[in-house]
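Per Swiss-Prot, topological domain 'Cytoplasmic' is recorded for 1-16. Among the features that Swiss-Prot reports, transmembrane segment is placed at 17-34. Annotated topological domain 'Lumenal' per Swiss-Prot: 35-393, in sequence order, evidence recorded as sequence analysis. The feature region 'Stem region' is assigned by Swiss-Prot to 35-68. Swiss-Prot lists 120 with the feature N-linked glycosylation site, giving sequence analysis as the kind of evidence.
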């Protein structure tokens, strides 16, 4: 296995921890994309209160800019205007913990125009350049081959069964867009790497090294913080469709793939494991590749984004597992991360102290029985931190 290059101060030195209680997580209703699935109305136009009144005039304080070498990378967020302030907290966390040191750009995408308020608040928070884009209508609508009456009946039935976001149109558009179109937006053309950020997330630990440079130097193409199992009722035929694609295009499957992460029986069935895509750092050429492009187009034509409720997380995860060399997938175990309802928190005390983490290791989900990260470590023969068994839950 190739040696991972990382600054010496960040190398894990695992020490045995005492027995810790693990919080049992039962809430599954907040899975990926929750913020964008909610109905919303545009925020009112921004009132220029900061430039009026008793002579007070707002001006952005320009902080010293990082002048060292940087990768062609950006943060990217799909967000509605109404989620501005829950996103602002996410941006502040990312800036404080990481980006204030490196000043990477931030791309914001929406299916409608961003308000002046949204642009003013986010540009004041981001240390890099902010860019705002509207999603093309063809990437946020029913494609011509979809039977909309059939799709509406499916939504009705899934809603009656109380399947998460089963009756949502916007959630389906979001999943389809994140699966196959965000990286095609013209604003993404300037970049080779991205870090996806959503509203209401938090980074628990300082990140003092450039994660994009880390990915490039260590030949990684996809990285995650949390893995979990998908809600099976949302993807009943996703794996059947994937198998048909694999049988039709065996030449596109990487010879050193990670099929054993997503299937326990050599591809006969899907074990529901996926990387939680509300946090992902990846090379854009993974999604731009002929292999993934063919896979997404095949899925899209089958209609499962609308006739079922296929999520972008399992689609991305299966794509990464099939089309990458398994060594190109990385787990960021030193990046403490939170998205309702799960925490990723380093259980190694030395890492938490060195990185000024503010998380409770007893709430770490990484090694929980419902997480798939233990499987990721096992199949790749990676060393696990001391005391990980105490966090199985």
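Quick reminder: no glycine exception, Cβ is built from N, Cα and C everywhere.
Note on the topological domain 'Cytoplasmic' (1-16): its mean pLDDT in the predicted model is 41. DSSP classifies residue 120 (N-linked glycosylation site) as helix under the three-state reduction.
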